[in-house]
Every structure is written in C-alpha cells, then in structure tokens.
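Right, one structure below, let's go through it.
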C-alpha cells in the first residue's frame, strides 16, 4: 500500500498539472501540453513528497498512532528469530562506539515529528530502543507455530535494549 501511494504521488503531480492545463489553459484559449521540464519538476516533487508521506505514515504505525498489527507481528517474528539464533535482538551488532550510538539515537529519536520542517533520517544501528525483551517471551495466538526455542530470559546479556 505504501509503494502504491508513493507511485501515485509521483505520477499524480504531472498528471494534475496536465489536467489543470486542459481545464484552464495558461494562454487562455487552447490547450498546450506542459513543457517536458515542467513535467519533470512535477515528477520530482511528486516523488519526494510521496516518499515523505509514506515515511511519515510508516513512522505513525511504528509508534502505534495508526494501525500497526502487521508491523508488530513482523517485529515479534524477527526478534524471536534473532534471539533463538543467539543474535542481537534488533539485527547486527552496531560497529560504532557506544557514545556515537547514543548521539545517533538522540538525533533521530523524535525526528519524524518535524519531518515537514527538516527531514532527518537515521541510517545507524544502535542499542538504545528502550524495550524490555520480556515481552517477546510471551506467546501470543498463532506464534506457537513459529517454533522458536528462545534462550532463558535470565541468560540474556542485556534484558533492555
């Protein structure tokens, strides 16, 4: 759905310009196709605005402000899989020093709230999620078929990540 929204925005901007030109021509009399450069600029604006719209929607789902059952299920599957394989819960171990992980977390923690003003994206892995791993040891309906054998909670190196 997100990719369709993004594609629709990318195609929609040039299409809207063309439609508006048909409805009310700029020269006042007859329709003239918008220039290719104007259509390219509209396509770029549609691409960028579609990305920001989709990124914002995705952030709302991750925070729980919108329906997020699919993301919760995917997150629980991935974390349980990683724990059962003895890997870090949220993917690869960060290669940055501890203090830089803290800086990366603070810079990007609530950056999506100001996405309209100053887009700031985080591409770094850090261990400051503030999540107690005990919640992943509860088995919800349908999860028993995954068949993961989790290590004992007490044996985890860090119980909060």
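Note: Cβ is positioned from N, Cα and C throughout, glycine not excepted.
Note that TrEMBL annotation is computational and uncurated.
Marked as domain 'NADH-ubiquinone oxidoreductase 21kDa subunit N-terminal' by TrEMBL: 2-67.
As annotated by TrEMBL, domain 'NADH-ubiquinone oxidoreductase 21kDa subunit C-terminal fungi' applies to 76-156. Across the domain 'NADH-ubiquinone oxidoreductase 21kDa subunit C-terminal fungi' (76-156), DSSP helix (H, G, I), strand (E, B) and coil residues number 35 helix, 1 strand, 45 coil.
Look at TrEMBL and you will find 37-55 tagged as transmembrane segment.
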Apart from its near flanks, which chain residues at least 6 from the ends of the transmembrane segment (37-55) lie with a Cβ under 8 angstroms of it? 2-3, 5-14, 16-18, 112, 115-116, 119, 121
Do you know the DSSP helix, strand and coil residue counts for the domain 'NADH-ubiquinone oxidoreductase 21kDa subunit N-terminal' (2-67)? 50 helix, 0 strand, 16 coil
